Structure formats: structure tokens, C-alpha cells
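Annotated region 'Disordered' per TrEMBL: B:1-20, in sequence order. Taken from TrEMBL, the feature transmembrane segment covers B:47-67, B:73-92, B:113-145, B:151-176, B:188-206, B:226-250, B:262-286, B:306-327, B:387-406, B:418-438, B:444-463.
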Amino acid sequence: MTRVVVPVAVLENQAVSLGLVDLLGTMDVTVMGYHVLPEQTPPDQARHQYSDRANEALADIAAEFRDAGGAADYRLVFTDDKHASVRRIADEVGARSYVIPGATGTIDRLLVSLSGDVAADRILEFVTDLVGDREIQVTLLRVGGDEGDTSLAAAQSQLAAAGIDAQTVSATASNPLDAVVAAVPDHDAIVMGEHAPSLRSFLFGDITDRVAEESVGPVLVVRRDPPASE
Amino acid sequence: MSAEESPSLGTNIEGDAPDVERAVEADETTYTEDADLERTLGLPGGLAIGVGTMIGAGIFVFPGLAAGRAGPAAAGSFALGGLVALLVALPTSELATAMPKSGGGYYFISRGLGTLAGTVVGLSLWFGLVFATAFYLVGFGFYVVDTFAELGITLGSGLVIPIALVFGVGFTVLNVTGTENAAKLQNAVVALLLSILVVVLAWGSADALGVIGPASPPERFLPFGPFPVLTTAALVFTSYLGFAQVATVAGEMKRPGRNLPLAMVGSVVVVGILYVVTIFVATSAFGSVELASLGETAMVDVGRHYLGDVGALAIVFGGLLATMSSANASILSTSRAVYAVSKDALLPRWASRINLRYGTPHVALGLAGGPILVLVATGRVEVLAEVASFLHLVLYGLICVALLVLRRDEPDWYDPDFRTPGYPVVPVVGALASFALIGFMQPLSQIIGVGVMLATAGWYAYYARDVSLKGALS
């Protein structure tokens, strides 16, 4: 089954919303508990003091995901760079996607962004696996004029072939970030592709993080590179 | 964590056993049984720690003091110090790649030579860093006063100690409450500092060699004979204490097999060359007698001599940055030393607690900051520097011995990525040279140093006699 990494700031009492747990019921999940450390603190020192507590909490969260459907395990990481750790773990467990957990209730409506330089096929495959045979509405979004390899219509029919009814929206905003954020109000969660690092993302942060910040709800990020192993 | 889990290691007086964790070291991550520890420092970060810690004391505080003792041959003292540092940096690199863990020298010695040596060295390392930090802070105080003097505000040297105390408190608080991105800042500070120095030194060397301006008449190279060169080498060895700091963060360095040796040996070489050129330029600008009379901030006048007020300002600014970064880096290392010792049940567990609010080891930082302030208050620059050197030299000597012992036994777990060239000559000479330098210190420093070591041995006998660490590595 497709695997998803769910990073949780476990020592900062971050919780995973029930809506997200249900949504990921069709997936295998690796819960990645992490704690970001300042440089004054050797990672080993934090492990020494907090790993028992953190692992207990992670075992509970993983159990919730198992109850929702898929297989679930957990890892604990002490790091000073959350993003690097998420990518490493995703590679190691062969995850197709990672999540930026946000607050949400039941997830009925999914916004899928195909804008920008992303692998549309991989995103659509992931959405197909994620939705499965459930009644979840899907909106496909692309910024107007930005027709990549896969057109919105082709994407729509690809999903239809898997039994998923999707609306399409061609946004008029000038950039993917604004377009996604503008379309958020009618949706509970967002699926988008991982973007290549750029000067822009270096200065302002990853676009996926900024979408997550602006949209409050969870963002599922489909990874660019094929998983190294499965 | 309890005695039952690892009965073979013994327990301390409180019943705690060393916390020895099965761990797999990969290039980017350490995998333990219950968590992954991300390695976060690259080669630039490692070099910045090494160079940043070393460069402050040596270049900005010592030229005046050293020239007063050894004349122009002070450059030879620095070269000798650098050579000893290099002889120790090579064995340290080998051990660090075999055991890329927090704690550095303490870790190697406790695993190679056993608990008594480990306790003495671990606690001495803590005190050594405390003495070194106090020395850096006093140097910083001198530079603050000089900065104001350059700006036309006279504070008087009476304010040096109060300023050093205030900043000592400041650095400690800053480290407890968290300094995000301080590592990047440190890299930038070191880069800026190196640029300033290279410009001033290049200009100064050109002038001193007679390329520009009239050649200065050569001074007698050894006005006081060869003996002061050795005693001065012992004094200025504090300038080279930074490379060992790289080993204390070995557990956090990416690709430790490659980056640890490069960072340690590289920073010793870079800094050693800078020191020797600096002393050469400084003694060429003024005679050594005049240089000595200029004291802790003699370099400011050297800057002014060659480049006018701009040069003086550049040096004052550089001195501020350098002493500050040395002090800050040392406070950081101190808390790691305390952690490594406490993890092995040689100090109470609470000494290495971290708080969740800031995620920092507040107790260990306090154990660094408190004694530092007491020592700063004494204001004895030379003694502080020498005691720091003393305690580190013992550490370095024992590191070399630990390498010899480990290489002779070659236990199963011992598999370094880097092997010391010139073995066994390099570690043998390194050990002898380290111990020999101690012999050339002032009696007061030697007495304090021996006192600290006896006190730590007493602590071992009282607290951790039954703890066994030798070869305790998984």
C-alpha cells in the first residue's frame, strides 16, 4: 500500500486531527515524532531525557492510524532541521507523500493542486489511492494558462477512470500559492506536489509550508522523486 | 538506565549506571534503539567551531604578552604551539572517527584508559573550558574598552572586569534561552574575521619585508635566549584549544569520517599560519619591548601602524568579534562536557537535564557560567590562560596515550575511518610534547592545575569508584 509520513511535533503536544486520521485510513502511515533542538543541545542529550515519553505518545498515535485502516509504525527524531529529517525518513520508508498536519474536522472535500512544476501523474495516482471508493469530493486546480504535461481535462478523466468524480477549476491568480489559498475555503484538506527548491523557497520557505500556514487545514505533499525503496 | 540493565558497568554512589546505548552511526544520522539523532554540522560548521574558538585568544590578546617574554622569537613559540597542536590533532581525529560521540577527548580517554582517567579528564575539561572562557571574556573586556577609546570615549581599564562579567552573564542567559541560527552567525563572524586579518596581515607583511616603505632594521631574534620561547609556547598554547572543541561536537557532525579530521587538522593549520604571520608583523611594526608595553590590545596599535585609524578600527572590531565568538563557543562546549560526564554516571543525572521550554541544558550551562564569573572577577589573564592550557594539555597527552593503548589492543568496536599518519611516532611525540609544555608554566598555574586534577580524582573516589567505562562501547 502507499505509505505516508506524518510528522508530529510530539513534545510540543501537537495532536493529529481525527479527520486526518480517517482520511489516511486507506494508506500505510509512518508517524514521525520529531523535536527540533537548538544548537546548544546535543541531540543525544534530548533523547536521553525524552525518548521514553515521546515514544509512548507516538505508539498511541500510531495505534489510532491502525484503527482507521492501514498499517502504521512510528519513528522518533531529534533534529535541528525538520525538513531534512522528513525527507530522510520518507526516503527510508519509501513514502509517496508526507503530511503537514493541520486542524480539521471530517474531510469531505479535497483540493488537489496541479499548478507549478509538479509531477501531475504522481499526484493523481496518489489521490486515487487516497480516496479509494469513499465519497470524497475532489477539486482539481491549476493556474490559468499554466497547462503542464497533463491538462485539467485529462486529469479529470484519469480520476474518473478510477471512479472518482472531480471538478476542475482554472484559477486566475497570478501564482500557485495565491490560487491554492483562494480556493481553500470550500475544502478540508489540500494535496499538492513537492516543488523543486528555488531562490524563492529559500527566502520565503517551501510553498507547501506557506500553503499550510495560510490554509490552517492539513496539506498532503506528494514527493517528487520516486521512493528509493519499498 | 537502571543498574539492572547494565550490571557490568557498575554504579555510582546514587545507584546510577552509565547510559550506554546501542547506536549505529551513519553519515547523516545516528540510529539508536529508540530514536534517530540527526547529524547537523557540516565541514564549514566544524571549521568555524575550530577556527572561531582558536582565533580570538591567540591573535588578539597574546601578541603583546608573548613578545614581552620571548622577543621576536614569540613567532617561534606560536609555531611550536601549533606543531604540538597538530601532533595531537591527528590522534584526536583518529579517535573521533572511531567514536563520533558527544564529549570528545573525555569520551576517548574514558573508553581507552578507564574510569579514573576519564573522570579526571572529563571534569578537568569542564574546568579547563571554564578557565579558557574566563580568559576570553577578560580579553573581550579589554577590547570593549578599546573600542570606546577608538570612538573617543575613555572608560578606563577599571571597567574591563565589570564588562567581562556582564557579558559572561549575557552569554550564559543567551545560551539558556536559545540562540537560533547562532551557528550561521558564527560562520559569518569567522569569515569576516579572517578577511579582516588577511588584509591587515598581507599589508603588514609586505611592509615588514620592505616591499612597501623602508625596511625596518631586524631585531635580535632571541634577545632572552631559547628558554623563554618554551615558556611562551606553554602560555600561548591556549590559542590552540579550539580543535578539541570540534571533537566535543563529533556526535553532531555529518560524514564524521571525513569531516572530523579535516575540520580539526584544517583549523590548526589555518590558525597556526595566521598566528605566526601575526607575530612576525607585530614584532616588525614595533620592537618587542614596545609591543609588550601595549598589553592585551597591542594588535590595535599594530593595525594603526600599518593602516592608520581604519586599521585600528578593523582590529578593534575583529578583536570584539573574535573574543566574543571564542567565549560563546567555549560556553557551548562546556555544557557538552558536563553532559558527556553526567551521562556516564560520573556526575549526577540532573546536571545534564534540559528544559522543554527552550530545549537547552540549563543546569550544565549554569555549571559553566557560574564558575566562569568567579574566575573573570580575578582578572588574572595569564594565569587563567595557563591553567586552561594546563588542563587541556593533560587531556591532549592522555588522548595520545589512549590512542596508543587502543591501537595496541584493537578491540572489535575500534574501526576508525582515519588513521594517524606516522604512527606510533606522532602520538608518542604528541604525548611527550603535551606533558613537557606543562613543565614550562608559572608555578601558580601548575599548582592550580594539579589542585583541580586532585580534586577531580577525589570526586571519582567518592562518587563513581564502582563505575566501569573501559571499552564500554557498543
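Glycine is no exception: its Cβ is also placed from the backbone N, Cα and C atoms.
TrEMBL labels come from automatic prediction, so no person has curated them.
Between the transmembrane segment (B:188-206) and the stretches B:73-92, B:113-145, B:226-250, B:262-286, B:444-463, Cβ pairs under 8 Å are most numerous for B:262-286. By the count of Cβ pairs under 8 Å, the stretch nearest in packing to the transmembrane segment (B:226-250) among B:47-67, B:113-145, B:262-286 is B:47-67. Counting residues 6+ beyond its ends, the transmembrane segment (B:444-463) has Cβ neighbours under 8 Å at 12-13, 115-116, 119-120, 122-124, 127, 346-347, 382-383, 386-387, 389-391, 394, 438 in the same chain.
Only pairs six or more apart in sequence are counted, and the transmembrane segment (B:73-92) with the transmembrane segment (B:47-67) gives three or more Cβ pairs under 8 Å, enough to call it a contact.
Contacts between the transmembrane segment (B:47-67) and the transmembrane segment (B:262-286): present, as 3 or more C-beta pairs lie under 8 angstroms, all at sequence separation of six or more.
Cβ atoms under 8 Å from those of the transmembrane segment (B:387-406) belong to residues 84, 87-88, 91-92, 94-95, 98, 105-106, 108-109, 111-113, 117, 120-121, 124-125, 127-129, 131-132, 135, 234-235, 237-238, 241, 244, 414, 420, 423-424, 427-428, 430-432, 434-435, 437-438, 441, 445-446, 448-449, 452-453 of the same chain, restricted to positions at least 6 beyond its ends.
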